[in-house]
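*Asks:* Before I ask anything, here is the structure I am working with.
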């Protein structure tokens, strides 16, 4: 977990300090990248070992992302055994795959043994079955069984993210015995904050935090200080749900159990932080009409992933267009309507997006549910009426003055209020409905909300104009 | 930090299990809320103590949010000393303030002493200066000094979020001495994962993780197993930046130091998880044109916070309207143009939003910088051309067939390609420019991107129509 722990103390003098690698903007300094690139070009292994060998895995990951593909592959092969494979968990999937596929399977198998099991799984899970099997077959038996077990759980579950190294003791041990055991055992995980208590069949009984052990006298039995585990995570639980448990109960680590309540691994907060980040990013991108995109993806794959959204938008845009074309005669008689109608639609769209954003977020954090939905809907409608009145007044005056036509001002003001109400209702009801139907409200709320505000905006404005101004 | 630790073991039998409070959808069950509400109405303190007294702070927080304002206040006063004040750190600010202000300052002072210092600061910081001073004056000296010191640091800094309880030992102590000290001292923090090493003037020398202590023989000196602190957080560091340190280096806790490198507190991962959540939420809301809004805010405050965004949008909408009105004569000759022009603008707007969302996110995660900007811009332009070609072909055929006008199909297809290119460039250059100017790209990127795609869309479509179809 902690790169600075693994370094040998003697290396500390050579180690480039954080400030050396990153500029003030938090981005790796170009001079450092140039220096590393030059050393790669010169095949200067000594310089590379000195400059890169002691980086934290995340720093090395940032460096890899800053280099060109051929430089990356060359750097990895030049460093050989000095290359810290855990840095691959810190780079984009495309980069990770490119590097791993450039290496012989035997070398990957060797590297994977040095990693924590969760990092090893992270790197192996993207490979195709054949390579995975070949690599696993070259591992020692216990290692292979552990990784295989993690990989057998579905993607994005706790079982995939867990670490299979942990400390577990029987309940009748004393604190003294436990401490002595930890002092002797050489196979402890790199870093851990609690130890687990299990029965002979590996069934989870509870856990003890390390500080609890440290503040207890040697003679006390573990079962007297352990607390029963309330938050054991089933291995098949979705990682997002597991992350929510961590957030709600401020957990640092949690036991992962199989279907028979047997301890199979431990999920740690650092992996959960990554999950939280990923999920937040996913919501943001989805609301912007983008899928799981990474900066290193190819033009073709990005284009393919974005086109479907645009096609849906094309369909809704033509619905709006057909509404407008119904009022062809009206527009012909007063071309000013053509200039003003996008104003009504655009403001409605933005107001709807505001409400929708708040709703989607509240649904994601489970702040919004059927018990307070009524209250929130009422509130949004009132906000819509208030803001609608303000915007309608301004827009009415501007339109009336611009086209020297008081009636036109009245018509656009009325249309605006109607559309702001539609925006408020659409912005909250559409995400709620999608959520109720089991769809992800982040994905398609915005396109439907804008469709509603476009249709209602054009219909209200052109319809009122035809009737009030007796056109068409 | 860990609610389940504080509970007395005897209480375990009474404690409502998680499944009892929450339904399958992760929301508190209505029957439970009704039961609590009934007990509140009956002033039935015994039932309340049994049903609510053993809840985890976050569960109690969820319950408070689900109750009506008067029920909340009544519940707090009925529970009296059994009310867990740390639950107030889990509710919306408006609810927290409402409850705190309903209590006499003397009672808050008493409750605050039971809390970890970070929770205490979280509750005190929202109060006005006068109440804060009165409450602090009723605290014991050391407690007062600690809280005052945290409150003196600016909002949203590490100093505000830190916990001032920590374990610190001199470097010459042995592991045995350290363990004995922890067994004797009654004033240890509730939960901790590392101890700090300081010199006589409290200057930070390093730290040792608890598992390191547990696996080391009693005779070894602390200075021989401590690691120098690379990631000490200055108390004045912005909480967002501190969170980034935690993420990058997978920290569980980090020392917070003052301007003289003296240890003043410790920042823990559970607070950092909250910061990460808040920041992700902020970005999402800002991109949707919403400020710091909570579900419990009043209609007036929400309306006020959303109107400025709509006013900016009003200004940009009228810029588009004035472009359209320039082509009044053209539209009069072919009303079909009025129906089709929002299609061009809408698709451009959505394509621009896709690019912009990716750009804003890449800037926030520091994946995008001046070194790879050129590459990313080229990529976005190519995606724009490819998707533009697809959409243009479809839109051209539909428009040509719909209005039986091949030339109109050609015009709209050309306009679409131009606008998709504008969308790609605007979607990436606007956030980059705002970031360069020191503005938050999440806030205003979307309004400027849509302005560009509206203006270019209308201009290209109507301009090409006037020229190609020889109208106007």
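Placed from the backbone N, Cα and C atoms, the Cβ positions cover glycine too.
Keep in mind the model is a prediction, meaning the values are calculated, not measured.
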*Asks:* Which is it, of A:358-380, A:381-403, that TrEMBL names as transmembrane segment?
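*Replies:* The listed stretch tagged transmembrane segment in TrEMBL is A:381-403.
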*Asks:* I'm validating the feature mapping. Which of A:310-331, A:332-353 is tagged transmembrane segment in TrEMBL?
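*Replies:* Of A:310-331, A:332-353, TrEMBL gives transmembrane segment for A:310-331.
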*Asks:* If you average per-residue pLDDT over the domain 'CBS' (A:226-282), what number do you get?
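*Replies:* Across the residues of the domain 'CBS' (A:226-282) the model's pLDDT averages 88 on the 0 to 100 scale.
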*Asks:* By DSSP, what is the split of the domain 'CBS' (A:162-225) into helix, strand and coil residues?
*Replies:* 19 helix, 17 strand, 28 coil
*Asks:* What parts of the chain pack near the transmembrane segment (A:310-331), using Cβ distances under 8 Å and only residues at least 6 beyond its ends?
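*Replies:* Residues 289, 337-338, 341, 345, 444, 447-448, 450-451, 454-455, 458-459, 462-463, 465-466, 471-472 contact the transmembrane segment (A:310-331) from elsewhere in the chain.
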*Asks:* Hey, which bits of the same chain come close to the transmembrane segment (A:446-469), Cβ under 8 Å, at least six residues off its ends?
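*Replies:* Cβ under 8 Å, 6 or more out: 287, 289, 309, 312-313, 316-317, 319-320, 323-324, 326-327, 330-331, 334, 337, 340-341, 344-345, 348-349, 351-353, 355-356, 407-408, 410-412, 414-415, 418-419, 422-423, 426-427, 430, 434.
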